[in-house]
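Written out below as structure tokens is the structure these notes cover.
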């Protein structure tokens, strides 16, 4: 029983962290229509930034500034934001698939820099030497994990509340206006380039927060953590949950991550011994099928975006009018 | 006559039934299972044989009666070479299945977070076949593994030292280094460069080789610019072949030092024997021990092919040593108790046991009497140091027209002495 609780705490922590990243992507894609194909880079910038700033000194590379944890985490978010600002200035003039290709390239570049710049990131061996904050106060690892879960849930709720308010605000309307028709928005005197950049950076800072929490939880990050598969996973979560709906983004993260891990668990338990060795491959097929099925039968996601009229004109037209 | 025959038949049937019942009760007495976890990249082509080898060991141990008279069930989970997935799988095995022993993982990017966030907090022993990164040694030195971490893959230090020895023996003065751009390659490339320099041999270039490039001409050219009189290659066969071809085409020297990853027929055939006359290889994984040849024979009998993939002998030893330690630690042992029993399996003063079902049965008897054994495994007589690392005897080998030939054998003591001399 205690084992089940311990596992559920662990699972929920990872799913919560991932859902924060999905919320960041939802701001970019769901609300602003920015096709960010480089989620892994911004997630990674947060993780590396946090661990470099908050870790203990290690031989062979910079870092180990051992800053207080909140400062390190904020620094990780700032690193992600800075990277997003640079990338955004360069690429946000691109539309749709071109932006996707450019940002995908950024993510691959990021991974390669982290793999090779040993003085910065420890290279392929990864970055370690980070002491989880306040861990020494807890005798049992489970108690610590439970408290850490509480911490990430609070941050998830805060992020959710912030995004809900943002989306409901006039600025949120502006984001959707730009998503639907940029020229129309421009004709009303808005500056799409600026707004797109703000949305891109904000979303990336949120991904950086998720990355920082991820690095904190494992006390380790390596280039293997920022492979393109991560971008794919985050996208799959958003598409299944429902782009444009924050609740959908969170649900999607839990569902996809749950399916991802539960399918492996179920196969290891119920598949015949001869098939065990192929369980990994079967799992890939299953996950792929779920996503394809979702796209075919419910492309809007489980929780589709709810379009509301946020401000009625002076002579409201009744909704039921024909 | 007929009557007699019927009676005899009935008797036979009765005996059979009794025998069957006997077997059934025997099985009932053994009607317990011990779970062990394995977290390996089974969805990757080279990862699958590693997992199959581990499962094979479990089958042999079960054949010998299981661990502490319980059948062993190995629950195998795929890592997808994704740290998140691997750590989650490990956590599920530890928490939901209650395993006290975890085999895995392969890449250090997966093994390390499993160690820090799953096995060490839960006090579970972790034994890896194939993780090579020195980052884990440093973690152990900091005392953060609690003695729960072991690996049967000799750290890159042994090969790097022997590679430098080749250069010294051959009297080469300037060496360029090519290394595969991953954790293993970066480690070994850096170590070999350090060793060469400490011997007074100049390292003219250290060039990273990324996987899957169409051409390595630029890399070869940049290594050539320092005019080295020898080249060191820590590469895998595909990229190694491409790099060697470009290197030779540009007029690079045929004096080569090759890491064990290039010990493959494929590399010799694709580069061409005429260019490999002066290529010297190093290896740790084939000690001059009967047990190693016995492993190759047994593997061929089981899988109909020689154990040519990376890490197979290491996977065998990792699983076997771990299960023997479980046997030695007794029933319901915790991970820490199993880890503490590992020296009883690899005791150089102990009774030698072979790496098969009989060896396991023999070891079990000796443990029951309170004795220790010296496990003679597929990678030789394995011994762990205080950080869970394994040192190994080394060989220097060369390609020949019809295969691979050992030139020099360095015993464990010679390797250790040589490595100690480099430290000074």
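Yeah, the Cβs are placed from backbone N, Cα and C, and that goes for glycine too.
Note that the structure is a prediction, hence the values are computed from the model and not measured.
Here's what TrEMBL has on this protein:
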type	residues	note
TRANSMEM	A:6-27	transmembrane segment
TRANSMEM	A:34-54	transmembrane segment
TRANSMEM	A:66-86	transmembrane segment
TRANSMEM	A:142-163	transmembrane segment
TRANSMEM	A:197-220	transmembrane segment
TRANSMEM	A:226-243	transmembrane segment
TRANSMEM	A:250-271	transmembrane segment
TRANSMEM	A:277-297	transmembrane segment
Six or more residues out from either end of the transmembrane segment (A:226-243), which same-chain residues have a Cβ under 8 Å from its Cβ atoms?
18-19, 21-22, 25-26, 29-30, 37-41, 43-44, 47, 104, 107-108, 110-111, 114, 249-253, 255-257, 260, 287, 290-291, 294-295, 300-305
With Cβ distances under 8 Å as the criterion, find the stretch in A:6-27, A:197-220, A:277-297 that has the most pairs with the transmembrane segment (A:142-163).
A:6-27
Would you kindly check A:34-54, A:66-86, A:197-220, A:250-271, A:277-297 and say which stretch has the most C-beta pairs under 8 angstroms to the transmembrane segment (A:6-27)?
A:197-220
In contact by Cβ distance (the transmembrane segment (A:277-297), the transmembrane segment (A:197-220); 3 or more pairs under 8 Å):
no
